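**Student:** Annotated active site, nucleophile per TrEMBL: 232, in sequence order. Residues or ranges marked as [4Fe-4S] cluster binding site in TrEMBL: 123, 124, 206, 209. For 49-211, the entry in TrEMBL reads domain 'Phosphoadenosine phosphosulphate reductase'.
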Ligand code: SF4
């Protein structure tokens, strides 16, 4: 399959993303992923935090064997690693696990223990942002599971947009979905989900920076609770 990278430069890719964002605003998640698969072929991947495998499942139907990129920060709950292993075992996807340059022990030796408590932005940069930048190097487009209803910071997420930081097309096929839509898709297709979602967690990140949510809180209130930080830097 000939993909856009042979034909177009970065500015054209950006224009393509912005046009697709307008054209596909009313499209279904499957249609958006079909467009991405046809446009970018193997230079398209899905990133997953292994909170659930909804986008991976949708993408595997549009592009069987699609690369699913997972960031193993070294701080994940065992349930998250188990979900990653189960996704790899049962779904028609190619799971790629990215790791930071330093182990947690090496980071502790250089920066001191519990950097996540003292400087979470730096910890996220070292353990998430940089590994993802390096891991996405060979792709033209990546898909995320961002949804507009998750938090005010995500309310304007386009279904297809331009990721200026990485200079890639960013696809958010379920941006318009609600939690009810996700739950219905999981139930209909028997999609794998992280067991922590049945244990009071609404959004699953690294163990030291994630707590259960309380009644009435938004889905991401349990991430970096008590701090102004709401995003890890992957989506800003
Ligand atoms: Fe570090 Fe917490 Fe960010 Fe994970 S979420 S990389 S532990 S600061």
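Using the three backbone atoms N, Cα and C, a Cβ is placed for every residue, glycine included.
What you are looking at is a predicted structure, and each value in this text was computed from that prediction instead of being measured.
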**Student:** Which one, from the binding-site residues 123, 124, 206, 209, has the smallest tally of other C-beta atoms lying within 10 Å of its C-beta?
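**Tutor:** So among 123, 124, 206, 209, the binding-site residues given, the one with the fewest Cβ atoms within 10 Å is 209.
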**Student:** Could you give the mean pLDDT over the domain 'Phosphoadenosine phosphosulphate reductase' (49-211), rounded to a whole number?
**Tutor:** 96
